[in-house]
Amino acid sequence: MVKICCIGAGYVGGPTMAVIALKCPSIEVAVVDISKSRIAAWNSDQLPIYEPGLDGVVKQCRGKNLFFSTDVEKHVFEADIVFVSVNTPTKTQGLGAGKAADLTYWESAARMIADVSKSDKIVVEKSTVPVKTAEAIEKILTHNSKGIKFQILSNPEFLAEGTAIKDLFNPDRVLIGGRETPEGQKAIQTLKDVYAQWVPEERILTTNLWSAELSKLAANAFLAQRISSVNAMSALCEATGANVQQVSYSVGTDSRIGPKFLNASVGFGGSCFQKDILNLVYICECNGLPEVAEYWKQVIKINDYQKSRFVNRVVASMFNTVSNKKIAILGFAFKKDTGDTRETPAIDVCQGLLGDKANLSIYDPQVTEDQIQRDLSMNKFDWDHPIHLQPTSPTTVKKVSVVWDAYEATKDAHGLCILTEWDEFKTLDYQKIFDNMQKPAFVFDGRNIVDADKLREIGFIVYSIGKPLDPWLKDMPAVA
């Protein structure tokens with residue numbers, strides 16, 4: 001029986017291994033992690049991550065051929081294939097701080113694999129890693145291997161949170177990169193055979209190691225670039241009276257461009273886009289390509305600009321001050337159908353409003369109060385380092401209350417900001433909300449999900465990103 005072990009029970013490792021276990025009943029899959037609480041959650045009814053469809057998959061396989069354990073060494077020792085799905089956060093200090101990936105967790109995983117292995121193994125990079133990581137890992141493994149042979153493969157994930165299970169069941173492509181030696185090709189074939197149990201052969205692509213590593217960074221950079229492109233257009237639309245939804249629809253009907261990732265918003269978030277682009281920028285700089293680095297940096301600059309532009313619009317619209325005004329924040333996760341708040345634009349928007357002394361009342365159907373308070377009191381890039389290195393009791397941000405209901409959040413508020421496109425926000429009773437808000441009542445729709453004309457009929461002053469401005473907003477001072 002082939003045995004697979006995955007180090008790291010997070011957003012990537014957990015769902016990926018659960019689906020492999022479901023689709024390959026003859027393979028024994030173990031997901032290991034040093035976090036006792038995380039493994040306990042995977043073994044309970046309350047999984048540590050929210051992902052539609054994940055519950056069902058885990059329940060079908062857990063205890064049969066899918067196991068979650070803190071006994072890392074035992075399962076690595078037994079495995080034929082070891083997936084490494086540990087965090088690769090952005091470095092917060094030292095060489096390349098703020099851009100380079102921190103490979104501390106990766107390196108310690110590699111050293112541990114070398115230590116405990118008594119038989120040849122295939123080691124698979126699953127986390128997003130900088131190009132040439134495989135080479136570094138290979139050196140660590142071979143120098144500590146005591147005669148055991150390791151083959152390194154790169155098998156980047158292309159999951160979107162909120163649709164991870166669907167993406168795993170029916171992927172656009174599975175990418176496997178390996179060495180161009182006979183041993184390397186044999187390792188690629190072994191992993192290919194696992195995926196081939198449910199993925200059509202033509203969707204399994206094989207490349208060399210570097211191409212596979214770079215493809216992941218490039219894919220995320222291209223996606224983020226599309227969002228920044230449409231967000232840049234949204235600023236121009238507001239200035240000229242064009243409607244960004246009409247513009248992006250017209251552009252998206254061009255079959256060479258296509259309609260996906262062309263929704264203007266308050267900005268992109270998530271654990272990968274910014275991190276991967278910074279990483280790409282760093283790799284370009286290290287390879288003496290400053291023009292290329294500058295090009296990709298601009299994607300992040302536009303994203304930061306879009307978030308600060310939103311905050312400025314809120315403050316400018318409300319008579320240039322939000323001091324001690326209650327503002328309702330609807331949505332805190334970086335997108336709908338996930339509880340993930342990593343790099344969510346909501347953090348920067350909330351911090352911007354708090355900087356102007358606003359009182360915030362926040363509601364998100366999937367994010368806990370503890371998480372929101374932690375996010376708002378954290379330094380940049382801290383979120384990606386393990387919780388035990390973060391402040392233990394997050395200092396409660398005084399002017400923030402977290403509530404469990406949209407109507408509670410908006411009661412007596414001067415304005416409301418929609419920062420996540422949860423479906424439930426489309427069907428709220430906005431008349432009821434209007435009646436319970438201070439007047440004039442403002443809606444700042446950071447996701448373009450509400451019908452602005454209907455809200456104006458109720459009496460709201462509405463700002464939608466990239467849409468012709470409400471006459472009221474035109475009188476306000478221009479946004480700096």
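Quick reminder: no glycine exception, Cβ is built from N, Cα and C everywhere.
What Swiss-Prot records for 8-13, ASP33, ARG38, 86-90, 127-128, GLU161, 272-275, ARG342 is NAD(+) binding site, and it gives similarity to another entry as the kind of evidence. Cβ neighbour count for GLY8 (NAD(+) binding site): 26 (other Cβ atoms within 10 Å of its Cβ, all protein chains included).
Annotation comment: Swiss-Prot describes 157-161, 216-223, 256-269, 334-335, ARG447 as substrate binding site, evidence class similarity to another entry. In this structure, PRO259 (substrate binding site) belongs to neither helix nor strand by DSSP; it is coil.
All protein chains shown were included, and the count of other CB atoms within 10 Å of the CB of CYS272 (active site, nucleophile) stands at 25. Look at Swiss-Prot and you will find CYS272 tagged as active site, nucleophile, backed by similarity to another entry.
Residues or ranges marked as phosphoserine in Swiss-Prot (evidence: similarity to another entry): SER393.
Listed binding-site residues near LYS335 (substrate binding site): GLU161 (candidates TYR11, THR90, GLU161; Cα-Cα distance within 10 Å). Under the DSSP three-state reduction, TYR11 (NAD(+) binding site) is assigned to coil, being neither helix nor strand. PRO259 (substrate binding site): 13 other CB atoms within 10 A of its CB, across all protein chains. Comparing the Cα of THR90 (NAD(+) binding site) with the Cα of every entry in GLU157, ALA219, ASN263, CYS272, these being the recorded positions, the smallest distance points to CYS272.
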